[in-house]
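Notes for the one structure printed next.
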Amino acid sequence: MKLKGKNIVLGVTGGIAAYKAAELLRLLMQEGADVHVVMTTSATRFITPLTFRVLSGHDVLTALYQEELQLGEADESGVEHIELIRNADLVVVAPATANTMAKAAWGLADDALSTVLLTAGPEVLWAPAMNHRMWKNAVTMDNVARLKRLGHQMVDPEEGWMACREHGKGRMADPIEILDRVVELIGQPQDLDGVQVLITAGRTEEDLDPVRFITNRSSGKMGVALAEEAQSRGAEVVLLAGAMDVPAPDGIDVHRVRSARDMSTAAKRLFPKCDVLVMAAAVGDYRSAKASTSKMKRTKDDLSIELKANPDILAGLAKSRKGSQLMVGFALETNRAVEAGREKLKKKNVDLIVVNNPKDKGAAIGGDTNVVTLVEAGRAARKLPVLPKRDVARRILDWVVTKRSKKRKSGKSSVRSKA
Ligand code: CTP
């Protein structure tokens with residue numbers, strides 16, 4: 001799923017290779033991309049918009065004005081070209097005719113696709129397909145060079161037999177080759193390929209009686225962002241989740257628990273199999289010493305509840321860890337945040353502590369952004385700016401990737417030095 005979370009606009013222009021665009025669409029979607037198709041009028045003569053609509057699951061943009069639409073080309077909601085571009089990571093034009101490239105090179109916008117292209121900026125990948133004489137023509141070569149100068153990318157056409165029964169360079173590149181270029185340009189690096197990552201998320205709940213419990217305000221968003229980011233980088237993710245306000249991501253092995261002790265038992269079982277543990281769950285430090293099996297009745301008197309300490313899951317796991325396992329903990333601190341984080345790093349014996357202070361602007365519990373400081377041994381603390389939680393997850397996993405590669409290198413060099 002190298003293109004998971006990526007939005008692509010696929011422009012299809014009129015040429016015999018238009019049918020191959022359906023195959024390209026399938027390949028892009030197979031890698032997790034969300035694809036919107038825009039067609040020129042002449043493309044609709046080679047392949048119907050309905051084909052792309054069914055395959056992509058979205059309306060197909062074929063005209064600038066509603067009254068130009070053929071029945072069935074787009075529904076009433078229509079698709080706005082500006083809206084498409086606003087969300088797009090890349091526009092891929094495959095097949096691309098000399099005509100559409102010429103229009104884009106000179107800023108002409110007289111149909112849906114050329115208008116999209118003029119709005120797009122340089123994030124465009126062209127897969128030209130045309131008669132070899134058209135491709136070799138000085139004007140086309142000039143337009144190709146001009147588009148490249150503007151920052152556009154090309155997957156050059158191939159040599160071979162053409163639909164016009166001539167031999168030469170002009171056949172559209174294989175859809176697989178186009179897919180590879182898309183992945184190269186916007187794909188997610190698979191730098192955690194096959195790495196077993198255990199992530200804890202959400203909050204624990206400790207029963208006082210059958211209807212009441214102690215918990216905290218953690219939403220689970222940070223842990224879910226970590227799970228999604230790790231998965232998109234090729235990791236094999238196990239999510240150990242308490243209560244959360246967000247759904248667990250699809251395609252991830254999820255284990256649900258309620259109390260800190262449940263989480264501890266599950267973590268002990270799952271930890272030996274993982275290469276990396278990221279403990280983002282907000283674990284309750286205390287539980288009721290004697291949870292009542294029936295509903296506690298109101299009395300006139302004040303009530304004191306005796307609390308018993310829960311196990312420190314992270315510190316416990318650190319004691320059992322094998323040499324190569326990496327451990328990341330979080331620390332929610334409102335005073336002397338970095339110093340307190342450094343103390344936790346030592347006390348819990350982990351490799352990284354991600355400190356956050358909910359009093360910081362943009363770091364509120366349950367919010368969509370976070371402000372964190374990365375604290376590790378032997379290095380100055382690094383405070384990151386306010387970032388969406390997915391970007392915080394990316395930075396934490398970047399750290400994991402770097403740390404793993406350093407560990408591997410130092411492991412190798414120590415083997416070499418022993419030899
Ligand atoms: N943690 C844990 N088990 C607990 C409490 C916390 O594994 N019983 C983990 C959290 O998931 C987090 C890290 O330890 O990764 C720090 O959690 P935090 O609540 O900030 O710290 P505490 O250890 O609970 O210490 P304090 O509440 O005194 O700050």
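Each residue, glycine too, has its Cβ placed from N, Cα and C.
Note that TrEMBL annotation is computational and uncurated.
Residues or ranges marked as region 'Phosphopantothenoylcysteine decarboxylase' by TrEMBL: 1-196.
The domain 'Flavoprotein' annotation in TrEMBL covers 6-184.
All protein chains shown were included, and the count of other CB atoms within 10 Å of the CB of Cys164 (active site, proton donor) stands at 12. What TrEMBL lists as active site, proton donor is Cys164.
When pLDDT is averaged over the domain 'DNA/pantothenate metabolism flavoprotein C-terminal' (192-401), the result is 96. What TrEMBL lists as domain 'DNA/pantothenate metabolism flavoprotein C-terminal' is 192-401.
If you look up TrEMBL, you'll see 197-419 marked as region 'Phosphopantothenate--cysteine ligase'.
Listed in sequence order, Ala260, Ala309, Asn310 are the same-chain residues six or more apart from Asp285 (CTP binding site) with CB atoms under 8 A from its CB. TrEMBL lists Asp285, Lys295, Pro311, Asp312, Ile313, Leu314, Phe330, Lys344, Lys348 with the feature CTP binding site.
Sequence-distant contacts of Pro311 (CTP binding site), defined as residues of its own chain at least six apart whose C-beta falls under 8 angstroms from its C-beta, comprise Ala260, Arg261, Ser264. Maximum intra-site Cα distance, CTP binding residues Asp285, Lys295, Pro311, Asp312, Ile313, Leu314, Phe330, Lys344, Lys348: 38 Å. Within 10 Å of the Cβ of Phe330 (CTP binding site) there are 26 other Cβ atoms, across all protein chains. The two recorded residues, Ile313 (CTP binding site) and Cys164 (active site, proton donor), have Cα atoms 70 Å apart.
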